[in-house]
Amino acid sequence: MAGEAQSDCLFCKIVAGEIPATVVRETADTVAFRDINPQAPTHVLVVPRAHYPNAAALAAADPALTARVITEAAEVAAEEKIAESGYRMIFNTGAGAGQTIFHAHVHVLGGLAFHEGLV
Ligand code: 5GP
Ligand code: ZN
């Protein structure tokens with residue numbers, strides 16, 4: 001069924017507490033945790049607890065949950081004090097775009113001057 005936990009999914013295991021992660025925020029249907037290999041001073045991933053393979057599938061199946069994931073990303077940015085200076089929300093979608101974990105997640109990246117040369 002759509003949204004069901006997948007036994008071979010790393011982020012389902014983090015959501016279930018089977019693999020440790022540095023969780024910074026939790027709601028009834030989302031979890032936010034620090035990326036294990038940060039690409040910026042703040043690098044947090046926000047995931048829905050439900051399993052969807054990418055953001056497009058999540059949005060098609062559950063627009064309200066998609067909005068809550070994005071709202072949580074904004075809350076993370078506020079708590080990490082990067083909201084004012086600006087931050088990135090990135091949804092890599094598909095292996096060709098660099099997606100490596102096929103459980104929908106948004107990267108929240110900040111604390112760098114992203115406007116200075118980065119794509
Ligand atoms: P993607 O490339 O799929 O958009 O992003 C996956 C992200 O998950 C990568 O930035 C990677 O560093 C992160 N990641 C991979 N394995 C783990 C893990 O076990 N724990 C945490 N916290 N992050 C992970
Ligand atoms: Zn999953």
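Glycine residues also receive a Cβ, built from the backbone N, Cα and C atoms like all the rest.
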Quick check on the annotations: TrEMBL lists motif 'Histidine triad motif' for one of 48-52, 68-72, 103-107. Which range is it?
103-107
With Cβ-Cβ distance below 8 Å and at least 6 positions apart along the chain, what are the contacts of HIS105 (active site, tele-AMP-histidine intermediate)? List them in sequence order.
PHE11, LEU45, VAL46, VAL47, ALA55, PHE91
